[in-house]
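See below for the structure under consideration.
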Amino acid sequence: YHPSIFFHLSATVKYQTFEEDAPGTVIGNLAKDTSSSASSSRNSFRMMKQFNSSFIRLRESDGQLTIGERIDRERICKHTLHCLIAFDVVSFSKEQFKLIHVEVEVKDINDNSPEFPRKESSLEISENTAVGTRIPLDFAVDEDVGTNYIQSYQISVNSHFSIDVLSRADGVKYAELVLMKELDRETQASYALELVAMDGGNPSRSGTTRINIKVKDYNDNSPVFDRSSFSVDLPEDAPVGTLLLDLNAEDPDEGLNGEVVYGFGHQVPPEIRQLFRVDRKSGRLTLESPVDFESKTTYEFDVQATDLGPNPSPAICKIVVQVQDVNDNAPEISITPMTSITAGIAYITEAAARESFVALVSTSDRDSGANGQVHCTLYGHDHFRLQQAYEDSFMIVSTSPLDREKIPEYNLTVVAEDLGSPPFRTITQYTIRLTDENDNAPVFSKPVYEVSVVENNAPGAYITTVVARDVDMGSNGKVTYKLADTYFMGSPISTFVSLDPASGSLYALRSFNYEVMKQLELRITASDAGSPPLSGSASVYVRIVDQNDNAPYITQPALNNGSAEVLLPRDSPSGYVITRVEARDADEGVNAELSYGLATGEPSVFSVNKATGEIYLNQVLSQNVDETLSVTVTVSDNGRPALTSTATLHFLIIAGSPPSDRTVYQPGGGEEVHAQWDLSVVIIVVLAGSCTLLLLAIILIATTCNRRKRDKSGDDSDSYGEKGALERGRSHVEEVAHNKQALTSVFLSPPLLQGYSTLPGYGNGKEAVRPITIWKGNSYTTISARDPAFSGKDSGKGDSDFNDSDSDVSGDTALWACTNECKVLGHSDRCWSPSAVRANAAPSPAPTLSSFSSLSKTASLPRDPHRRDNYYQAHIPKTVGLQSVYEKGLGAAQAPKTIPSFIHAQPPNTHLVPATKEKKQLPHSIKPTSLN
């Protein structure tokens, strides 16, 4: 076999083999047939599971193809000229994947003989049948194809009949019986013929059938069709009952001899009878069952018309039905992954190179033409794309490097759409899952760990835990810890600390001594369990923290059993430095800061410098001092708790003076006092100072706010100060009013109740009036207003200028208006007040509206210079009737010219409203006075 290889986006290899070859027969070798000079690595092969692989076997080591079991071409490719077994093989190496499309053509062998549907058939032919008449015969069937199919027919030798071999539209060969000589029933009433069908194989195979012909007495005329053949196009989606043809055959005979009936010919197979129906009387050819273009595209059969006379001679009409394809099948998608554990999921390693093959997408559409052409699209992520492999197959390949740690899984959508109208679309979801590769080393949470351990720890004490993460999965992400093999102070580091390989916890194996080692340096490696393993490292610095575990030890003077002898000249002056005590402490920091003191001895004789340890005389030695003087010196560090060492010094008194080069200590001169402040004390002092400053700031802010509130409330109270003064003035006026009943009697009649009066000459005394008391500076004057036209009451709606029962000031009929004095004393915001007039003005006997025309419309209260000016207009409407009443009262009381009038009333709430200046002023005879 010689394969033909096509290399484009993928390789296609074609082989040929014959059916019925023995199992194990070698078809070809993919490794040899697809070898490339550029490829040096060894490839492996794997078959994609897309068909029954039992027919062909693949050896994965070298790609050898062999027959798995006997192949029956007629079973897998019935009536198909070219029989192909197609499958896909993946060739893969370390570098790349390669898709190989393999097509094995199964060649036909002549292993089937032609067969007729019936071993014997019968025909009736009228004796008057015309020479040349054709009579259809059963056609033979051969499962083979090509030259192995039926090539010819033969009939046994006879004197009246021959055959004509024809081919149908679908390529099937058949024979028709042709009458070559007139028949005479009286001469020979029947004929027995043998029909033989032969194929073109080598050797040839044949099949036979027996034809029994009976000659019948004739009917003069036979039916005649309008046409001898018809071709009909039938859409495959045509519904049952669709009319294909309305056949018509005419017979000129009369009676039953001219009555025509229709039906299928005897040789029409059952398949045709199931799909189509011919009405016996009308000849209407209709669809009996649905047809499918994908199953069969052409149907050819005969319809005969026969009269009902004796010895009828049927007329034959050939019908060819061409089934037209309709886009009634959606595309089918089959996805075959390179590696799959779960259905619907393809697996690919994250280390796959760009353009690596992932899965094979095969599409198919049972329709034909544009209806069967499929366009495939991949959606979901730009890390993968579709690459056409061949015809209707596509490869899903990677477009960029993959990283499982960033995107572990891709959900893709494959859309296949045909080119029909309207198009059919099929959507399939597919998942690509990345398998892990050991491409990430463990990473510590920080590169350097710095921890502290207090010295004198117990062996086995916990120090710290290091943490390393590996984002890989499974064994590739399982981390183990290990101490680097280093030495410290001549010993392996593993003798100082131990490391838990699973958790990364670090423990001390011994008690650490700060005075011996200040810091321990470690190197820890974290490794995963991948192949090959990857590792990362981090440094750990263990700092030993000092404890006050060493007491000071005295180095000078040299001690013997904790004591030392020092010579002291008797004639030493005061301040003479006898000796200097020196000490050391193995600790560091505050634990090594030393201070000196005297525990025993005469403080009046000896003193010690706390900082330097110098011991000196406080006074000159007396002559009767002992020969030996002893003191106990203490040396303490500043640790917590402090450790102390002591030494006893014996001063041996010797005669003579001290050497001249010895130091004499000057008290207060040479000693520097250093205040040793405790850090905690400093912190406390700083915090206390900060809190004090914060408290002072809060107090200052609160004081400022309170002062502003008082200033504001003082301003508000000033606006009401005059009101309070007027209220007090009003109370005083009321007191005076009770003492001045004589003045009010001018307006009151004796029989009436106190506080009420009728106005003489006004309303004829028939209407009750209400008294209004008016303060005239040093006396009261009471006037009355008639109800309901005049009212002195408040509406009860506060000081509003509107919606008051007496506040209507519209037009000239308005009766009420408040003066400033009226408002201060608490009257309604629209209360009435007669305007002041001259004292010598003559009272009008008949008051008219014009009598007020020359009066001032506004009145002003005296203004306090210490108050802020808030001005609100107080409009006084023109009042006629009340003005005359007021003038009478004013004349009777002989009020002074300079006293302004005040209305006395008792409202609950009042406001002071200074009047504004207008063009008209008060009469010159009226001079306002202060309320105070």
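Cβ coordinates are placed from backbone N, Cα and C, and glycine is handled just like the others.
A quick note: this is a predicted structure, and the numbers were derived from the prediction, not measured.
What TrEMBL says about this one:
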- 712-732: compositional bias 'Basic and acidic residues' (COMPBIAS)
- 841-862: compositional bias 'Low complexity' (COMPBIAS)
- 19-116: domain 'Cadherin' (DOMAIN)
- 117-225: domain 'Cadherin' (DOMAIN)
- 226-333: domain 'Cadherin' (DOMAIN)
- 348-444: domain 'Cadherin' (DOMAIN)
- 445-554: domain 'Cadherin' (DOMAIN)
- 560-653: domain 'Cadherin' (DOMAIN)
- 709-732: region 'Disordered' (REGION)
- 786-806: region 'Disordered' (REGION)
- 840-866: region 'Disordered' (REGION)
- 905-932: region 'Disordered' (REGION)
For the domain 'Cadherin' (348-444), DSSP counts of helix, strand and coil?
4 helix, 52 strand, 41 coil
Reported in the order helix, strand, coil, what are the DSSP residue counts of the domain 'Cadherin' (560-653)?
4 helix, 50 strand, 40 coil
Tally the residues of the domain 'Cadherin' (226-333) by DSSP class, grouping H, G and I as helix, E and B as strand, and everything else as coil.
10 helix, 47 strand, 51 coil
Under DSSP, the domain 'Cadherin' (117-225) has how many residues in helix, strand and coil?
3 helix, 54 strand, 52 coil
From the DSSP assignment alone, can you count helix, strand and coil residues within the domain 'Cadherin' (19-116)?
8 helix, 37 strand, 53 coil
